Structures are given as structure tokens and as C-alpha cells.
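Now, the feature entries from TrEMBL:
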BINDING   Cys287, Cys333, His334  Zn(2+) binding site
Amino acid sequence: MSDRFFPNPYADYDEKAHGTEYHSIVSRSSVIDLIVKYVGMIQNHTQTKMREDLYVGTAGIAFMFWKLSRSEETKNLFPCLKLASKYITEAKHHSAKKHRSSKDSVAFLCGDSGIAAVSAVIAHSQGNGHDAENEVKIFLKGHPVCATDGGYEADEVLVGRAGYLHGSYWLNQTIASKPIANETVTAICKVIMTRGRRIAASLQTAAPLMYEYHKKTYLGAAHGICAILHALLESPWFDRDDDGQFCVSPTKLSDIKNTIDYVLTMQNHEGNFPTRHDSNRTLVHWCHGCGGAIYLFAKAYLTFKEEKYLQCCRKCADTIWHQGLLRKGPGICHGVAGNGYAFLLMYRLTGEKCYLYRAAKFTEFLNSPTFAEQLLAPDRPYSLYEGLAGTC
Ligand SMILES: [Zn+2]
């Protein structure tokens, strides 16, 4: 028995046996009951000292309430936007008291650009356009650092350029005026390309692009190349022009795609990826391994329409099914909810019921007595990325 995950106790999907079973597992009322229970636990425990960021801090709790405000099913369960506003104000207050560096102005999941983005979106949802604009201006303070090669060494998602890009895309998806200009985005993408080519050349990797975080060539979604490549695929370079062609130059296109194909070659027979380019260690998390890599390959499939990327996603999903009921808790970074979310992605990508069934079974497990004892295992058990806020 692995010390990392619970053996999956459920039979896999069989249409004859399970045709509609997932309907009752994920009944509206059972999900709502879980959310009410979790939100109650979060509210009882967030008075104690928390960090302020999205990853494990009060901004993450604010994001959760904003997200609950977006669903017809949950928006009236709590005064969602009022609570979102309360938590984000707290996050800003704590952040303002600290000495802030250029790193903080860039960092999305673990710093101030994330707090500003969530604050902008909450203000926008409350119909407060003026405050939303001001928060976008604060978010944009991170741009000069991101768009400069040198001086700031992180390209990954938690504190680096890719996280800032994902934040920019989220602001443009969420705020109708699309406040982040295409040129603002592509200036950062160009720096990411230059840096990736330089690191690949210095390490003599077969891939045209490579990235390091604290001198380590991580592959996974948190610190590694998967989420960086994903951020490039989401850029305006991959919009189609009038002739249906990508807007990206042929050399950039080939470097990005060849690097994705290189990462694809690192998928092992189980369907997982090593944590680092130069390692054989594997984990089934969002932060490291197939639980996060799947998002890159889903995006690659949607972008390039090549079957091999979908096959890669299917293998990731199979590994998650067998090894994804993590003992580390309910979170989305290295927990059961994060791994279960990959099945919802696969269901949206393929429409196949087996993935909805698997997601439902992971939800069922979250509510099982076996798991209840482990619920508070992570360091920050109520937070967005490690705890119950992400589960909600
Ligand atoms: Zn993690």
C-alpha cells in the first residue's frame, strides 16, 4: 500500500453497471450539503492567522466566495460577494503592512498581482467599475518586471511570469472590457521565449525551450514547464487570423510545439511525468505530475487538434484514477479535489460519461469516513490550494 495515496476502492465505469449511478452520487443536494459544511468549517477557522495570498491565504478564501457567487446553485447560500469583499480587503490590508519587492508585484498565486486581480474581479462583480479599474492598475505594476529579461528569474506559475499571464487571461475572461491589452501579454511571452531558449541552450536539452526554478528543471504545473507552455498557448499568438492561421511566427510556433512534443515523450508507461526533466521521481499531484500536466495537453489538443495529445490526457486520467486519492488532503494542489477536477476537464473535452463517473467517485470519497480522518492533513487545511476552499 502506498503511503501517498489510498488504493482506489471503486470499480471503474461500466456503462451497463453504472449507467446513471453518478447522478445520485452528485445529486444537487449532496453537493450543496458538502459546500455548506466546508464553508462553515472555513469560516470558523479563518480568524486565525493566515497568509494573504491566493495560494493558501485570505485572497484564496475571497476567491472561493466569488466563485460561489457565480453559480445559480450556490450564490444565495451565503452573502457571497459581501464575504468575498471582506476577505480580499483583509488580504490587501495585510499585504500593505509588509515590505513588498518586485517579486511580490509579479507573483500571482503567491503574491500581490493575484490579490489585485481577485480584488478587481470582485469589485467588477459588485458593479464598482472605478475600484475595479484601480485594482487593474495595481495588477499592472507587475508588468514592467515581467516584460524585462533579467532581474527576475521566475517564469513559473506560483510567483513567475506564467502565473502573471494566467492572471491576465483570467481578468480578460472575467471583466467585459478586457483590461489587459494584447501587446501587454505578448511582451511577456517574448521574454519567456528568450529565457527558455537561453536555458535550453545552456543545459543542451533536446527541447528548444527549458525553464528553471531555483536551478531545477521542473516539469509540473506549479513550478515547471507545463504551465509555462500552457500560458504561451493561451496568448494572442494562437488566435487565428483571417486565413485561419495562427498569429505566431513560424520559429516561435515550432519552438513551442517541439517543446510540448518533447515533454510528451517524457510520459512514462503508467501515464505519468517525472517531477523534473532530469529525474525519475513521479507524483500524482496538480503541482507535480500528470494531475497538472493534463491541462497543457488538453490545451495542446484543442489548439493543434492532434490525437496524440488527447491520448496523453487519457493516460494521465487513468493514472489519476488509480493513484489520485491522495493522503495529503482535500486541496487542489496536491489533494483529492485537484485530482478529481482533471476528470471534469476530461468530461468537458470528450463528453464521455466515464469521466463524470470518476469525478463523482472522487467526490464520494471526499465525503467518506476513510477520508474524514485525513481531512485536516495539509499544513493549511482551509486554504484554496491545500484545503477546503479549493474543494468547494
Ligand atoms: Zn502541491
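Just so it is clear, glycine is given a Cβ too, placed from its N, Cα and C backbone atoms.
No curator has checked TrEMBL annotations; they are predicted automatically.
Other than the site residues Cys287, Cys333, His334, same-chain residues with C-beta atoms no more than 8 angstroms from the centre of those residues' C-beta atoms, the Zn(2+) site, are Ala222, His285, Trp286, His288, Gly291, Gly292, Lys328, Gly331, Ile332, Gly335, Gly338, Tyr385, Glu386.
In the structure shown, the C-beta of Cys333 has more C-beta neighbours within 10 angstroms than that of any other entry among the binding-site residues Cys287, Cys333. Cβ environment of His334 (Zn(2+) binding site): Leu283, His285, Trp286, Cys287, His288, Leu326, Lys328, Pro378, Glu386 lie under 8 Å away, each six or more residues apart in the same chain.
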